[in-house]
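Novice: Here TrEMBL flags A:1-109 as domain 'NADH:ubiquinone oxidoreductase chain 4 N-terminal'. The transmembrane segment annotation in TrEMBL covers A:21-42, A:54-73, A:94-110, A:116-133, A:145-167, A:194-216, A:223-244, A:256-277, A:284-303, A:309-330, A:351-369, A:389-412. The domain 'NADH:quinone oxidoreductase/Mrp antiporter transmembrane' annotation in TrEMBL covers A:112-402.
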Amino acid sequence: MLKYIIPTMMLMPLTWLSKNSMIWINTTLHSLLISLTSLLLLNQFGDNSLNFSLTFFSDSLSTPLLILTMWLLPLMIMASQHHLSKENLARKKLFISMLILLQLFLIMTFTATELIFFYIMFEATLVPTLIIITRWGNQTERLNAGLYFLFYTLAGSLPLLVALIYIQNTMGSLNFLILQYWVQPMPNSWSNTFMWLACMMAFMVKMPLYGLHLWLPKAHVEAPIAGSMVLAAILLKLGGYGMMRITLLLNPITDFMAYPFIMLSLWGMIMTSSICLRQTDLKSLIAYSSVSHMALVIVAILIQTPWSYMGATALMIAHGLTSSMLFCLANSNYERVHSRTMILARGLQTLLPLMAAWWLLASLTNLALPPSINLIGELFVVMSTFSWSNITIILMGLNMVITALYSLYMLITTQRGKHTHHINNILPSFTRENALMSLHMLPLLLLSLNPKIILGPLY
Amino acid sequence: MLGLCGRRLLAVAATRGLPAASVRWESSSSRAVIAPSTLAGKRPSEPTLRWQEDPEPEDENLYEKNPDSHGYDKDPAVDVWNMRVVFFFGFSIVLVLGSTFVAYLPDYRMQEWARREAERLVKYREAHGLPLMESNCFDPSKIQLPEDED
C-alpha cells in the first residue's frame, strides 16, 4: 500500500519545488503514473482480499474505487488549469496540494482495515474539500455551501464515532478482517436500533439519502470544477463503501431497520429526477442527478442480496466517471459564458461539434444506455429490487424514464436548436478539454468490455 | 448588369481592405455612384456600448497570442509539452498498457479455477458413488461440542 501512499505524498514536494512553468506538467505526469500502478490492485483472489499489512487491505470492493480515485487526480489537475491561470503561483500550488492531500486521505480511507482509522480518514477528507469549495468557488454562496457540507457530514458521523468505540469495547477489535469472522447476530432491542442508526447515518448523509441531501446541490454547484469532480465521483461513494462495510456488523436488524430508508430512497430517486426536469442551473441538474443515482445505490445496499451488491458497486464506478464528465462539460460551458444557466448557451452543436459529441456520450451513459456499465449497475439493482418486492419495478421503471427525460433535456437544451446570438464569439474547444472528456469516456467504454472488475466482492 | 458587377467588385474590395475607388465615378448603365470611402485609412472607433456578446475584458483568449494553443498555458512551448505529456502518459501509457494489463489478468477472483475444480470434484464423486454435495459443511463427527450445563 505504501507504493501508492508514498508517491502520492511525494507529489506535494513535487508541486512546491517544481519550476513555475512545470507545476502542471509535473503533477499531471506523476499522478498519471500513480494511476497506472493502481491497476496492480486488480490481482484479487476469489475468497480473500489483498492484505498488505495490518493497517491496509484492498478487496474487490475497494479496488475499483481506489483505481477511480487515483485516475481522477490527473483529470482534476487538467480541468483546473484554466480557471487557476490568473492566480498567483503560491495559490496554484496550494490548490494542487489540497487535491493531493484529498487524494491521500481517500486512498487511506478506502484501504483502512481498522475502522477507527477509516473514520479518521473519512472525516479528514472533509477538510481539503471544504478548503477547495470555500476558497476557490466562484459565487458568494460558496460559504453557505461549505457550511452545509461540513456540518451535515459532521452531525451524521459523530454518532458513528460513538458506535465504533462501543464496538471496539464489546468485540475487542475493530480490524475489519477480524470483525467479518467474529461478528455476532445483533439482537433486537431499542439500544441496538439506535446503534444501527448511529452506524448508518454518517453514510446516509454522505450518499446522500433523499431527506438529508440538501448539502449536495449547494456544494456541487458552488465548488470549482475539481471540487465538483471529486465530490461527485468519489466522496459520495465513500458513503456507499462505508455502508457496505458496516452492514456486516448490523444483521439481522437491518431486515426491518432498513425499511424507512429504502422507502425514502425509492421515493427520493423519483423526486430528485423530477426536480432535474425543472432545473435552470446546469450544475444543479447534474447534482440532483447524482442524488437520484445514489438513491439507487442506497436501495441496493440496504436489500443486501448478491446481485444488488454487484449492481451497487458497478453503479458507483459508472456514476463516478459519468458524473465527473458531465461536470467537466458544464465547466467548459461555464468558462466560456460565465453563467451556469442552461438556456443561456444553447445550440452549441453548431459551434462546438466535437464537444457536442462528448455531451452526447455523457448524456447517453447518464441515462444508462446499454451496453455501458451504468446500465449493468442499474439493471442489477432493478432486478434485485424486483425480486425483493415486485412493486418496486414501477418506481424503478418510472425513475429510468425520468432519468432519460432529463438527460435528453439537458442534451437538447445545451446542444440542439438555434444558438443564441450572444455566444457567437465563444472560443473553439481546447485540446485539453477534448483530452479530458476522452480520458473520462474511454475507461467507461473499456469497462463495458470487461465489467467483472467493477462487480465487487460478490461476483 | 454592370451595376451588379460593380457592386460585387465593391464588396470584394471592401472585404479585402483595398480602397474601392480612388476617384469618384458614376455608372452609366445603373444609378450606382462609386466614390472613395471617407473612412479609408481611419481606425475604427471604440465601441461606445458594451454588449453582452462581447468577451469579458478579464477573459484571456488563449488563441489570440497563440493560435495553435492547446488550452494548457500561455507560453506555447509549455503548452505543447503539457499536451504531449497528457497524451503520451494519459493515453499511450495508462490507457493502452493499463487496458492490456486488465485484459490479461490471470483468472480474476479464481473463477476459472473454481469451474475446473468443481468439474474435477464432480467427476471424482460420480466415479466413487459419493453424493455430489453434502448438506453438512463440516464433518459432524469431528465437531466437539461442550458438555450440556444444567
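Positions of Cβ are set from backbone N, Cα and C atoms, glycine also.
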Novice: Taking a Cβ cut-off under 8 Å, which residues six or more beyond the ends of the transmembrane segment (A:94-110) line up next to it in the same chain?
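Specialist: Sequence-distant neighbours of the transmembrane segment (A:94-110): 4-5, 8-9, 11-12, 15-16, 23, 27, 31, 56, 58, 62, 65-66, 69-70, 73, 76-77, 80, 84, 87, 117-118, 121-122, 124-125, 128-129, 131-132, 136, 226, 230, 234-235, 238, 241.
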Novice: Along the domain 'NADH:ubiquinone oxidoreductase chain 4 N-terminal' (A:1-109), what average pLDDT does this model show?
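Specialist: For the domain 'NADH:ubiquinone oxidoreductase chain 4 N-terminal' (A:1-109), the model's average pLDDT rounds to 94.
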Novice: Please report, as numbers and ranges, the same-chain residues at least 6 past the borders of the transmembrane segment (A:21-42) whose CB is under 8 Å from any CB of it.
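Specialist: Long-range Cβ neighbours of the transmembrane segment (A:21-42): 3-4, 7-8, 11, 14-15, 50, 58, 63, 66-67, 70-71, 73-74, 77-78, 81, 89, 92-93, 96, 100, 103, 453.
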Novice: Which residue counts does DSSP yield for the domain 'NADH:ubiquinone oxidoreductase chain 4 N-terminal' (A:1-109) in the helix, strand and coil classes, in that order?
Specialist: 79 helix, 5 strand, 25 coil
